[in-house]
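Listed in TrEMBL for this protein:
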DOMAIN    36-82  domain 'Galactokinase N-terminal'
DOMAIN    132-219  domain 'GHMP kinase N-terminal'
DOMAIN    397-468  domain 'GHMP kinase C-terminal'
Amino acid sequence: MDTEFIPFLKFSSISEIYPELIQNEQITRYKTLIRSFEKLYNRKPKFIARSPGRVNLIGEHIDYAGFGVLPMAISRDVLIAVDFPNEREENDMKVRIANVLKEKYPSKSWDYEGKEKIVEIKVKERVSEWENYFKSGYKGILQYLSLDEPKGMYCLIDGSVPPGAGLSSSAAFICSVIIATCFVNKAKLTKKQVTEIAIESERFTGMNAGGMDQTVSIFSLKDHALYIKFLPSLIAIPTKLPSVNPPFVFIVANSLIVSDKVITAPTNYNLRVVETKLAAYHLGKSLFNKPCENLKQVSDLYSNNEEVNIENLIKLSNYVEKIYENNHDGFTLNELSSILDLNEDEIKSKFISKFPVRTNKYQLYKRSKHVFEEAMRVLKFYELCSNDDKDDNNIVEKLGNLMNESHKSCKELFNCSCDELDDLVKICLNGGAFGSRLTGAGWGGCTVSLIYENDIDKFINYVWEKYYNIRFPNLSKDELDNVIFATSPGSGAAIITDL
């Protein structure tokens, strides 16, 4: 194996990446991508970069608050077939990108604009241009590498992660761009470095990313979920799911309600980030006379910097109930000024200026309570997986109950669900799921449900009849296969060279 090009990601065969059941399907997909590349550019790709989407099993909207989460990679991914200029074209630094869905995503190109600027990214509040995701990864990695003359690139993208579905399509795209650019420019980076660059890069799109999506896309191992801790430093712990008979699987079901995180960020995602930071500032000031940067820091101070534990998280949740007992409906900016002892301009400068938000009231009670209790559910889920007590006949039910509690909190405390997601969760539970919850940012996108493997067909047929056939009766069989599917833990990012 060549050791000079991010060697931990380099594979010679897709059999090392995908489950056996879908390997033939993926071989056909890769061959089609290569043929399309040759037809488009009249040259052959030298490699294919791929990064997977993810499904979060539990731990929603707590990564940017500093707490650990428990997601897994799925087989749906973003592929980028890449070639770069040869020796005769060595001064060519132009980037050319195209998409297999050329009608929806038109081809683009741009020139490298020097070490300071690299490339211009125009982010409009109501417009999310697809090439911005490529440019964000490209700019982020070249800022880090600080190259004088990065190589040009010929790229063709094929993504199977549905955008806006809460399966981390944007992070998968940006991670694949970063590893492709690394490979082209012979960069030596660790998984941690790539992940941290990807987290920062997504912020060029206007999103205040937390870090879970990028970590899963880079660090995942085949057949393992990941328990990810972010503070004091990034740690990804491969986690085997419990062995039971019959075995269980997860069903991902797309509500087909598309939530564009960039467009809705000021009232949804970015607002939640700001609200958790405001709560951390206030709770730290109240408990320790020390304003905190995030809710994990509040937890660390409360436990004297010992490991996060369930008992202290329960106590913090109870404290949230006490301190906000007279205000469950949120604070106006003027009211925040009073409790934080900051004037309104200071609040805007400290919390709102970088990622603008829109709201009349800031929900400190609901957001902080969700974060502490969701962090507690992650620990319980991880302990059940780690112990893997083969004599525990109720372990699947216990995992399912934690998922159900998580969805209830996302719906009622974090307000990141929607009517269609709630309906889909209810249908999945009625169809036999032990647990079902929204996954990803929410406000649309997907649910993830826990069922026994031998119930897959029966379960999918039930959900089709009760949800898709009623709300989306014109879906074809091929379309249905893309909106509801079974999945097990998949592999992380890869460079495939044996084409």
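Placement of Cβ uses the backbone N, Cα and C atoms for every residue, glycine included.
Per-residue pLDDT, averaged along the domain 'GHMP kinase C-terminal' (397-468), amounts to 96 for this model. Taken through DSSP, the domain 'GHMP kinase C-terminal' (397-468) splits into 44 helix, 12 strand, 16 coil. Mapped onto DSSP classes, the domain 'Galactokinase N-terminal' (36-82) shows 6 helix, 26 strand, 15 coil.
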